[in-house]
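Noted in Swiss-Prot for the protein shown:
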- ASP9: active site (ACT_SITE)
- GLU72: active site (ACT_SITE)
- ASP144: active site (ACT_SITE)
- ASP9, ASP144: Mg(2+) 1 binding site (BINDING)
- GLU72: Mg(2+) 2 binding site (BINDING)
Amino acid sequence: MGQRILGLDPGLAIVGFGALLCPDSRQGSLELLDFGVISTPAGAEIGDRLETIYQDLHQLIDLVQPDAVAVEKLFFYRMGNTIAVAQARGVLMLVLRQRRLPYCEFTPAQVKQALTGYGNAPKLAVQQAVQRELQLDAIPRPDDAADAVALALTAWFQQLA
């Protein structure tokens, strides 16, 4: 049957998601079940934006019914943006806890290493690896969704290792 893995790329404005049906071994074929974004309006109050993420993630989990979740680990770049991402990430982690879903966390460098063999690979190389692994006609868009699919792939690769 395989395992359903949901990848989540946290953000306050946009949470990317990608859901895979992964075979039990490398012999089977991967299936991209769904991908997209949860978005929040820029002008809304922070509490309203976080509530949107909370509610929409619960709905997404009901739809996808994942067995496991892969979440991008927070890294620091611009302090203001980091705080907003941390708040959104906290909501994601709360929902995963409430739903009793096992999760793993990966840094962007770990995802790049897993998919391209190079921890400093450019974003396009990672996106092309996603397209190749899933035998897609095009790279998933937007970038946040492609990143989330890459997280789910990384989780599957780690399980096979």
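Here the Cβ of each residue, glycine as well, is placed from N, Cα and C on the backbone.
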Give the distance between the Cα atoms of ASP9 (active site) and GLU72 (active site), rounded to the nearest whole Å. 6
Quick one: give me the count of other CB atoms within 10 A of the CB of ASP9 (active site). 27
Cα-to-Cα gap, GLU72 (active site) vs ASP144 (active site), nearest whole Å: 11
Using DSSP, would you call GLU72 (active site) helix, strand or coil? strand
